Amino acid sequence: MQSTLSQSPGSRFSQYMALTKPRVTQLAVFCAVIGMFLATPGMVPWHVLIGGTVGIWLLAGAAFAINCLVEQKIDAMMRRTAWRPSARGEITTPQILIFSAVLGSVGAWTLYTFTNPLTMWLTIATFVGYAVIYTLLLKPMTPQNIVIGGASGAMPPALGWAAVTGAVPGDAWILVLIIFVWTPPHFWVLALYRRKDYENAGLPMLPVTHGEKFTRLHILLYTVILFAVTLMPFISGMSGAVYLTSAVLLGAVFLAYAWKIHRDYSDELARKAFRYSIVYLSLLFAALLVDHYARPLLGV
């Protein structure tokens, strides 16, 4: 193990950045930013856009750092996560706690200063939901950890909407519901091809507790529900034909993956489905944004 003194500043920075799970944070912040733009017919005020993005990013990073701290022993037993600096003992517990506290404090101040108190408190509640309720309580105790804990991970669009309007109306909750229903099939395909990792770590993920066949069926069922839920922005009048077409096409591909996994499973297929699920959510929310600004131009 390298000592702190022997590490370059760049290496140290990379280690701290790894604690924030940058790729996961990017997707969460992206969905929050989409929520900001959908909340207004025009341009999001710059101070809200920048302040909201930075504040949500910092608090999300703080939550992920706590997750890495709590799960460092578990991460060390799993091939997918053994590389993390927390799992390798390259960053100490006090250092992670201080890092998370700084990120969280600066993030909360940024949201309070540049957006509004509601956004700050909702983001703090999301932090608690992920770092405490999901990480400490749900994940090690129940195979429904992803289903219940998915509520905190689904909040970014509502946070973005609140940052602009100071409220969270029904349309924002539709976006939250989409991510909430997307979360189980997204994580269960990962848990399928990483089942041995979770089994060795003693985590009660669905494939470990209920078996592969049961999990494959539930991936299909949740993907069908997701397909239906993604039609709600069009049904409610929030979005138009551009979004509807995108949602149907993207959802059809996701359904095809879920059906193949249910009928003829392979680890390689599950890997492809997992990667696609990330692309799916990104493109779905991008379609919401394009539709939002295209509708006035198209007169629909």
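Each Cβ is built from the backbone N, Cα and C atoms, and glycine gets one as well.
Taken from Swiss-Prot, the feature transmembrane segment applies to 24-44, 46-66, 94-114, 118-138, 146-166, 172-192, 217-237, 239-259, 278-298.
Ranked by Cβ pairs under 8 Å to the transmembrane segment (146-166), the stretches 24-44, 46-66, 118-138, 217-237, 239-259 are led by 24-44. Contact between the transmembrane segment (278-298) and the transmembrane segment (172-192) is supported: at least 3 Cβ pairs lie under 8 Å, counting only residues 6 or more apart in sequence.
Counting same-chain residues at least six beyond the ends of the transmembrane segment (94-114), those with a Cβ under 8 angstroms from any Cβ of the stretch are 16, 19-20, 47-48, 50-52, 54-59, 61-63, 65-66, 68-69, 86, 120, 123-124, 127, 163.
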